[in-house]
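Peer 1: The structure's right below; bear with me while I get my questions together.
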Amino acid sequence: MHRVGSAGNTTNSTRPRKEKRLTYVLSDADDTKHCAGINSLALLKTTVFDGCDYLFTGSRDGTLKRWALGEDAATCSATFESHVDWVNDCVLAGDNTLVSCSSDTTLKTWNGLSDGTCTRTLRQHSDYITCLASAGKNSNAVASGGLGGEVFIWDIEAALSPVSRSGEAMEDDSSNGINGSGHPLPITSLRTINSSNNISVHSTQSHGYVPTAAKGHKESVYALAMNDSGSLLVSGGTEKVVRVWDPRSGSKTMKLRGHTDNIRALILDSSGRYCLSGSSDSMIRLWDLGQQRCVHSYAVHTDSVWALASTPTFSHVYSGGRDFSLYLTDLSTRESLLLCTGEQPILQLALHDDSIWVASTDSSVTRWPAEGHNPQKVFQKGGSFLAGNLSFSRARVSLEGSSPVPVYKEPLLTIPGTPAVVHHEILNNRRHVLTKDTAGSVKLWEITKGTVIEDYGKVPFEKKKEELFEMVSIPAWFTVDTRLGSLSIHLDTPQCFSAEMYSADLNIVGKPEDDKVNLARETLKGLLAHWLTKRRQRFGNQASSTNGELPGREITTRSHAHPRIDGDSTAENDSVVYPPFEFSMISPPSIITEGSQGGPWRKKITDLDGTEDDKELPWWCLDCVLNNRLPPRENTKCSFYLQPCEGSTVQILTQGKLSAPRILRIHKVINYVIEKMVLDKPLDSLNSDATFPPGLAGGPLQPATVGDGSFRSGMKPWQKLKPSIEILCNNQVLSPDMSLATVRAYIWKKSDDLVLNYKVLQGR
């Protein structure tokens, strides 16, 4: 199943979450390049003299792109970004309308000649949508198929009609689920089909547009095709049969058997009489729908056939698949030619005059000679063979050493992509992620800024990971996946707010070094800085006031239920984005999230306009950025005992537990011991037993708390004396830069309360 993926942040996730997730997708590349495999191609031919043809590409990176095609160049002229998972297919319909489908279970419509604005989101499928078919550019009929055997037939013009705005199956302006009037549209999921017939209309209202549902598949659908007039629809999938439908009524007309494995590609001739199918059984079959039988089978490939394209007269077929090879086959004479071979499996083909576009699991697209108007010219070059008619017969011939030689060695044109990130490792400092891409390059990302800070080139990943190891312990406040070909950083509340660092450790200038900085809060401020600026421009400074309530009744209620937990004593009105959290505006990350209405959406942070509220963004993100509130979190303190080393003549009374932030450094504990020694005893009696004041011994944790600022009053006296203290754990001397969390994780290694020992270094 090469066309299905998951971004890990949609409603298909099996891990239950009470609150909506916020994901941001990082990009190190030019926005004019895809960074994952190309699942779909659609060609828009110009009707204007000297006009430009356009190629549309849909990628596993979740975006579509439009390429303006020249004689020997292709220029990216628009990026279509709104899907939150793999784009699995795209077709052109109606008046330059681009229709795309995704593993996010939605279809989206776009003005193909616009700047990339989504015009409608269509929601009817309950699982991944794998394929589309249209009756051609001038028709409004589009069919969609997906997992679970769902097939729907859409009238795109009706779906886009303003009359349909109250319909349940569609949603205007998919980026945020808001229609042109600013009112949210209701969204529906797939309704149960209880009709015994072949068709059921999904509607819970008497008004609004919903698609026709064609019922018959019991398993997943991976291929669809429609003839030019829109009078015939064929489908295929894991059931290994080709089903034929009347798309105007949704009724099933016939079922064709012959393939022995999944059907992955289908095409129809313009009249709808002949159908070609490609299968994982390596076979291509030609069906006469009038006779309801297979009239020819072609054993050309050595592995699964995933893509088909025919000449305008349906006399020849181009085929590609898992064997990395593109073949041209004469359907009447059975002659076949190996046109070219690549380095990746072929996912999609699009014939363009006398050339053909080839998309693969690589992020690039190539254009090869094809002679679509006169394919016999290619056969004149020689090297053809006769296609067999038995499954995998070509594979056996190949094993015998008689593989054909490709006619073409180099493509006419390559639209390059960016190598996809395929491997990652979150480093212990919880701010850096090490990645490796398909080209073998290893890079180090700083996820709080969204940038690559080191490009190591082609080095061993595991060795570099070992070199970058740090003995530090910081809570896991985010998760990562690379299913979109780049780093997707997931933030879930409340666990994302568990990590703090001192401002000094982040090298934040102008902020007290003992101030605690919550990494998730500062990251959210960086991500939404552009949004907040736009919001202030629209609504004035009160839009970011910490005294004002968030928009929406639901958020206000929740905000009162979760009182503010202060993680940074100076951050009451702190909207400044500090350098460690400033995201690049050259290659800005994209946000994937959803609010209380409208479903998931995706946008670049620079495309946010300030109008997004709790209907589009998670309430907890807004509460954090606007009101400086954090949700209740797990205890960020670390309890420990502080005892003298065995045989030490210097003691301070610490009968009870001490408590301090997990991020507290050992040098603060040293200061604490010195403070007690210096301030609780005369300076000339440091070698005698030292004790706490009576009120602290054995008391509650709060009085016996090692705080961030508890040493400031004692700094000057001990600085003059400078007694030298060591802190040990498990008889190991601790570095002053270690945090309590690090000591507990790497030195103590027990679930019991941490025990630290102190001793004075004699003669120093």
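Even glycines carry a Cβ here, placed using N, Cα and C.
TrEMBL lists these features:
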REPEAT    122-157  repeat 'WD'
REPEAT    214-255  repeat 'WD'
REPEAT    256-297  repeat 'WD'
REGION    542-571  region 'Disordered'
COMPBIAS  551-567  compositional bias 'Basic and acidic residues'
Peer 1: Tell me, roughly as an integer, the mean pLDDT over the repeat 'WD' (214-255).
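Peer 2: PLDDT averaged over the stretch: 91.
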Peer 1: Give me the DSSP three-state residue breakdown of the repeat 'WD' (256-297), ordered helix, strand, coil.
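Peer 2: Final tally across the stretch: 0 helix, 25 strand, 17 coil.
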Peer 1: Where DSSP helix means H, G or I and strand means E or B, what are the helix, strand and coil counts for the repeat 'WD' (122-157)?
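Peer 2: So the counts come to 5 helix, 19 strand, 12 coil.
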Peer 1: For the repeat 'WD' (214-255), what does DSSP give as the number of helix, strand and coil residues?
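Peer 2: Taking each residue of the repeat 'WD' (214-255) in turn, the totals are 0 helix, 23 strand, 19 coil.
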